[in-house]
Amino acid sequence: MSIWELILAFVVVVLMLVALLANVLVLLCFLYSADIRKQVPGLFILNLTFCNLLMAVSSMPLTLAGIIYKSQPGGDQICHVVGFLETFLTTNSMLSMAALSIDRWIAVVFPLSYHSKMRYRDAALILSYTWLHSVSFPIVAASLSWVGFHHLYASCTLYNKRPEDRTQFMIFTGVFHALSFLLSLIILCFTYLKVLKVARFHCKRIDVITMQTLVLLVDIHPSVRERCLEEQKRRRQRATKKISTFIGTFILCFAPYVITRLVELSSVVHINSHWGIISKCLAYSKAVSDPFVYSLLRHQYKKTWKDIINKILKRSSINSSALTSESHNPNISQLNE
């Protein structure tokens, strides 16, 4: 193995381990907190978490093996199943992010009618569509034998080995990425820009009230006035940073891989195999960033994890104190024996 291949293999190992750990943490928070389970967005986050976990235990290990051995890991049947799952999970995760953006748009732009427009039944219908949409493309690809080991990405994915099917495969690939990546990106941009517009409007209203208050309070201390102005600035930047993170991580992780897949269809442009694996790793990195972007960095999940840790520490301290008292009391030890 070359130094580049060693580095790429190490990157895949790190992505796989962090994705497993982070998504398991999200799943534990969901199972522990009744408040998180009651919220409608929790269904979308749960679906996204399962997609990321399955990606970490199916596609990533085979890509790691493909980098190390430079050939198809396992038999054809295993590769076909993993390629089917990879196509399904990638599409499903993209549409889940789009569903989360729609939920935020309704919550911010239509706050009074949110509970009537976004119920559990509505969320279940949206999830049913994402599953139906996501599974349709890998079914078509599998039926046409367009799933296999692709050396450019060192992974089991969409791949056409027959030159006579080149035109059909080009059309299929273009439609697939248009209705998965491009559709999700359009929804993300539309919904989050609407959310940003409303957030900025509310910030302006708060800024006007704050400035009027500061003008009226003549005797206010300069440090208090400065803190108020700094909070104004942070408030204006907070919504922009969050929305930039949502859209930016989506583009940064998926766009290089999608563009590479489309450029690959042209026989004129030669793509380096190292770049193909790097673009695949960027797509995998979305499974790492999603738990932090959508869950673990939010206040409710932080509070849940503090409760879980405190409960574990409290239980361990109770057990240790019980063992200590037992060791000092021989009668208790004899009874236990």
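Just so you know, glycine gets a Cβ as well, placed from its N, Cα and C.
On a predicted model such as this, the values are computed, not experimentally measured, just so you know.
Feature annotation from TrEMBL assigns transmembrane segment to 6-32, 44-69, 81-102, 123-149, 169-195, 243-263. According to TrEMBL, the domain 'G-protein coupled receptors family 1 profile' annotation covers 22-294.
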**Report entry** the transmembrane segment (44-69) touching the transmembrane segment (169-195) per 3+ Cβ pairs under 8 Å rule
**Finding:** no
**Report entry** Integer mean pLDDT for the domain 'G-protein coupled receptors family 1 profile' (22-294)
**Finding:** 87
